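The block underneath contains the structure these notes are about, expressed in structure tokens.
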2 protein chains.
Amino acid sequence: MASSAMIPTYTSSSKGEDMQVDIEKNSKSHVRSQWVLNPPEPPSSWRVVTDSVGKSISRFRKNFSSLRDESWTKVLFSALQKIFPILVWGRSYTATKFRKDLLAGLTIASLCIPQSIGYATLANLAPQYGLYTSVVPPLIYAVMGTSQEIAIGPVAVVSLLLSSMVEKLSDPIFNPIAYTKLVLLATLFAGIFQTAFGLFRLGFLVDFLSHAAIVGFVGGAAIVIGLQQLKGLLGVSHFTTKTDIISVTKAVWQAIHNPWNPRNFILGCSFLVFILSTRFLGKKKKKLFWLASISPLLSVVLSTLMVFVTRADKNGVKIVKHVKGGLNPSSIHMLDFNNPYVGEVAKIGLIIAVVALTESVAVGRSFASMKGYQLNGNKEMLSIGFTNIIGSFTSCYVATGSFSRTAVNYAAGCETLVSNIVMGMTVLIALQFMTKLLYYTPTAILASVILSALPGLIDVNEAFRIWKVDKFDFLACLAAFFGVLFASVEIGLLVAVAVSFSKIIVISIRPGTETLGKLPGTDLFYDVNQYPMAVKIPGLLIIRVKSALLCFANATFVRERIMKWVSDEEEESVDDKGNSITQIQLVILDMSNLVNIDTSGIAALEELHKSLSTHKKQLAIANPRWQVIHKLKVSNFVNKINGRVFLTVEEAVSSKIQC
Amino acid sequence: MASSAMIPTYTSSSKGEDMQVDIEKNSKSHVRSQWVLNPPEPPSSWRVVTDSVGKSISRFRKNFSSLRDESWTKVLFSALQKIFPILVWGRSYTATKFRKDLLAGLTIASLCIPQSIGYATLANLAPQYGLYTSVVPPLIYAVMGTSQEIAIGPVAVVSLLLSSMVEKLSDPIFNPIAYTKLVLLATLFAGIFQTAFGLFRLGFLVDFLSHAAIVGFVGGAAIVIGLQQLKGLLGVSHFTTKTDIISVTKAVWQAIHNPWNPRNFILGCSFLVFILSTRFLGKKKKKLFWLASISPLLSVVLSTLMVFVTRADKNGVKIVKHVKGGLNPSSIHMLDFNNPYVGEVAKIGLIIAVVALTESVAVGRSFASMKGYQLNGNKEMLSIGFTNIIGSFTSCYVATGSFSRTAVNYAAGCETLVSNIVMGMTVLIALQFMTKLLYYTPTAILASVILSALPGLIDVNEAFRIWKVDKFDFLACLAAFFGVLFASVEIGLLVAVAVSFSKIIVISIRPGTETLGKLPGTDLFYDVNQYPMAVKIPGLLIIRVKSALLCFANATFVRERIMKWVSDEEEESVDDKGNSITQIQLVILDMSNLVNIDTSGIAALEELHKSLSTHKKQLAIANPRWQVIHKLKVSNFVNKINGRVFLTVEEAVSSKIQC
């Protein structure tokens, strides 16, 4: 509509008064076409690889040669600094910083002790394993990590995932030792995989889970974890080992229809209300933040005292009972590689490695960007991997960066990873001297500590934002959420990855095409749908493919689409007698999008050229990119279209108007 | 280097004399930014789907309403014409055309009879099944197909694939009836799948095999087929059922170390030389083309006569013996759905369906484009699918378009699909009256007929062209070739698909980035590597990502790459004292490539903006596409970068220079 009104202006101005300009333009245009047609040879795939290796070597050499003049001790120290960043930031460490770190460390320790015991229970391990995992990993990470805020230790999602996968191999109730051995072996494998990812720079593996899928997955996992806590909250002994919502609802239904003790439930719920209300207060008034942070520990202490004084455990209140105290024992003898399940455990280790890294890197990155520094993904993987390898030798299960404790650490004003050291030492002291005090701690309180941490994992606002911005992303989010909820944690994970990738594939094999028009007052040709003021040139069809790749998977589709554009365009402009008014004479393919093309793509272009030729139409190409023009030249396509290759769409258009 | 020399020119001209122009430009630039920022709402994914459905319905209605005034018989006839294209082209059929089709049909029939028997043997079926498959399918396809040149019937690759997969379920030697039943069931499933692909417009499934992968796969399959023919050529009874080159070499080794009869080998080889030399003559002199076409049949006739006269079968020359004559019998009673392998057979049917369609569509397309008409992929699938369904009821196995016979059909001057009807009727007559004459045909001759068709399948020139144009494509070609040769036909196929798709994934998750410079004498900013004359603007970094999608899989990588560009750029321009001369103040992201972005992509841009801000650098965006600018607006990113969104890179650059 807009186009037909504007055409006369365009044609008159370019054919009439500006003749001189046109001729000048034409010779310029010829020079520019030569620029397009004779670019330097693009680097071959082989060159790209060798160049990249060469660069790494020369960088290493440069670093090395700059060190050659230095003494050997300096060289060694420099290498150590790369491995242990604490040697860098530790040198400028001050007493002021320590005061802040001490406070932050104590705060996260108070949150960490009840959480660790709860997560160990979630992972079907004895409570002390949770505490062990809060001692060694933070200490190791503190000397190796590059983040300054991450709080390392056991986390909910990994604990759940670990238990749901390992309990298929060994029953945690009938044979807890065999189960624990498998968990430690899985931890070792996870550590080895994480270290390998870091060494081989496979950081992108963490990116396989899209942001949307993570939001859905974590939300679903939080609900599953919450449902698992009903076991503790109801104080029942028999519960399902499955994690999907249907099995758990059935188990809860059976539990409340058998005789059960409401004391556990009342105790747990009242402290849950206490913790949640202190958190609410802490959010309202920044000064009361401390109360929110220590309320979980406070709840543990108060409820333990209550049970101890009233001896409520004799009236059916379930208690933790014996927690083994003392330092982390060595667990090297427990790593049994002759296990028949070793292959399965390695697979579990791989999945856990990716999930744990995803959580840790996501946490680390978001806080790093708040403080405006970059997190080195590969170094992070190395640090977490090494942390877990050492952890598996010292009775720890998989540790990673925790969402909730890192947020508290940041809010409590931590300066460096020293807060992790403070936390580790505090838990160590608690393990050494205070485990006896945990004897009377009611299990319902541990459930409420875990439950209180869950709302932060269910990010409804973010899900809504995803819905607003990208419907397909929201689908990935929903798929992961329901996958975890109704099937299992692994299937949720699988669905999340599959949906995320199917989007890339779908966009690649079914790219859209758009027609371009001239923006008034410019030489620019843009999408006529996006810019309604853009004017189509009669007799010409300018098409751009919305894909970076013209390849086997989309070449035929694109070719057929373009032929359809041509016939649609001619059909639209028919007069009353059904005769086409404007015959399309030239089809210009704007290739500015196309980064690469393969042999199927070239074959499709050749077929397109043939079909257009039989209909007496010409094909021209505008702005082909480096790899594309190189391949079109090598395959002789440029000669087939008589060298109609132009730097811009505008030049392709004016070449036609002059003919 | 080039950049530093050119800068003064640029800055002086834009800051000095052209001040007035700049101001005017600036106000224009503002208007244009508004064009970018306020595009019409892009259609939502939901709208795209409903629109596409709506269009189909309205097109159907339009067709229908234009028919409403017509009589019912006309409507019916019009519908029938859609299903049976023969009703369209048949109306303009002439005696001249028939003369040509008759000649072409007889030519392909003479080639078809020995080939069909050979391919049936390759598929481990009795010889008559090959002949059956050359009767019914060509007749059905002739009334339904849209191609004019395709010769339908059994083909080598499908026969090999079918036997290699079905013989895992049932042994063709010990229980030939059960084996044949499974083959017929697989044919039915293949037909159903092909019809379904056509109905649901899943034509793109055929595109899952890239051109390069097909070249490798077909080449590998040809060699495997050739090796299988050694059984017939050596006249041995026991041979391996495996298809990989190592098993076959072993079997051949064992065969020639046992007593064997060289008569078979001499007979086969001499006629192979005869066929190949007639073909060579046919290529040299167009007049001798007929000799090349009938030489296979001539060989069969001559060798059969020779054996009959000399009774060489008593001296160890293997002969075909009994071939069951008569019309295609019904095979509906042989389609047993209660078979325990029915699931497996369905899977085989699916694979065969895709491979057979790939071959047929590839053949049909290449000849259609020679004659300058379009092949309707979905209609083709429907026709071939229906052909195979009917085929499975009439004792035919999977039929599809044959490479070799289609080429002969075209060369013999066929005009329409009537040549297929002629071929079918000829084979029918042969089945009815001449099967007894095939009794003394030596099996070695069938092997040489198949062997003579193979060189056309091994396309070394095309493989070399692929190597020249695209190294990665060549890798896919090689992988498919060696997969077929050293593993199995299915694995070769799987490898081909996997390698083809991994390229799309790799390019999506690891996109390159490029810096742009100004082309002298223009306002255009192009890749400085492709256009060495392009000049970088000091203090600015203009970056374009070589991907159509900024998504979870590449967002982090791209963000880190851009930050590295920034630091590299500043490092490069240091003076002797190590101070950076030009501080980069503005990073312009040319988004003209980006077709879409997801929430992870937006998050990465936000992080990039934050990191740049902490280093006192600004981020601007040039030429965002429809979906991208919409999402950037919805997610509030445009406000975060203070609306620094421009129509072109040039405008983004001049906005900076004016500051």
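Cβ coordinates come from backbone N, Cα and C, glycine included.
Within the model, the domain 'STAS' (B:550-656) carries an average pLDDT of 84. Summarising the annotation, TrEMBL assigns domain 'STAS' to B:550-656.
Taken from TrEMBL, the feature transmembrane segment covers B:102-120 (among others). Long-range contacts of the transmembrane segment (B:102-120) within the same chain, counting only residues at least 6 positions beyond its ends with a Cβ under 8 Å from a Cβ of the stretch, are 126-131, 133-134, 151, 153-156, 159, 290, 293-294, 296-297, 299-300, 320, 323, 397, 402, 404-405, 408-409, 412-415, 418-423, 426-427, 430, 438, 441, 445-447, 449-450, 453.
Taken from TrEMBL, the feature transmembrane segment applies to B:140-162 (among others).
The transmembrane segment feature in TrEMBL is assigned to B:182-202 (among others). The list of residues near the transmembrane segment (B:182-202) in space but at least 6 beyond its ends in sequence, with Cβ under 8 angstroms from a Cβ of it, reads 123, 125, 162, 165-166, 169-170, 331, 334-337, 339, 341-342, 345-346, 348-350, 352-354, 356-357, 378-393, 395-398.
Marked as transmembrane segment by TrEMBL: B:208-227 (among others).
Look at TrEMBL and you will find B:288-309 (among others) tagged as transmembrane segment. Same-chain residues lying 6 or more positions outside the transmembrane segment (B:288-309) and placing a CB less than 8 Å from one of its CB atoms are 107-108, 110-111, 113-115, 267, 271, 274-275, 278-279, 281-282, 317, 319, 408, 411-412, 437-438, 440-442, 445-446, 448-449, 452.
If you look up TrEMBL, you'll see B:345-363 (among others) marked as transmembrane segment.
Under the heading transmembrane segment, TrEMBL lists B:384-404 (among others).
As annotated by TrEMBL, transmembrane segment applies to B:410-430 (among others).
As annotated by TrEMBL, transmembrane segment applies to B:437-458 (among others). For the transmembrane segment (B:437-458), the residues of the chain that approach it from at least six positions outside its boundaries are 114-115, 117-119, 121-122, 127, 156-157, 218-219, 221-223, 225-226, 229-233, 235, 264-265, 267-269, 271-272, 275-276, 279, 296, 299-300, 303-304, 307-308, 312-313, 317-323, 403-404, 407, judged by C-beta separation under 8 angstroms.
If you look up TrEMBL, you'll see B:478-501 (among others) marked as transmembrane segment. Long-range contacts of the transmembrane segment (B:478-501) within the same chain, counting only residues at least 6 positions beyond its ends with a Cβ under 8 Å from a Cβ of the stretch, are 160-161, 164-165, 208-210, 212-217, 219-221, 223-224, 242-246, 351, 355.
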Selected stretch (most C-beta pairs under 8 A with the transmembrane segment (B:410-430)) from B:140-162, B:208-227, B:345-363, B:384-404:
B:140-162
Ranking B:140-162, B:208-227, B:345-363 by Cβ pairs under 8 Å to the transmembrane segment (B:384-404), which is first?
B:140-162
State the residues, same chain only, that lie 6 or more residues beyond the ends of the transmembrane segment (B:208-227) and have a CB under 8 A from a CB inside it; answer 'none' if no residue qualifies.
122, 156-157, 160-161, 243-245, 248-249, 252, 354, 358, 362, 450-451, 454-455, 457-459, 462-463, 466, 470, 473-474, 476-485, 489, 492-493, 496-497, 499-501
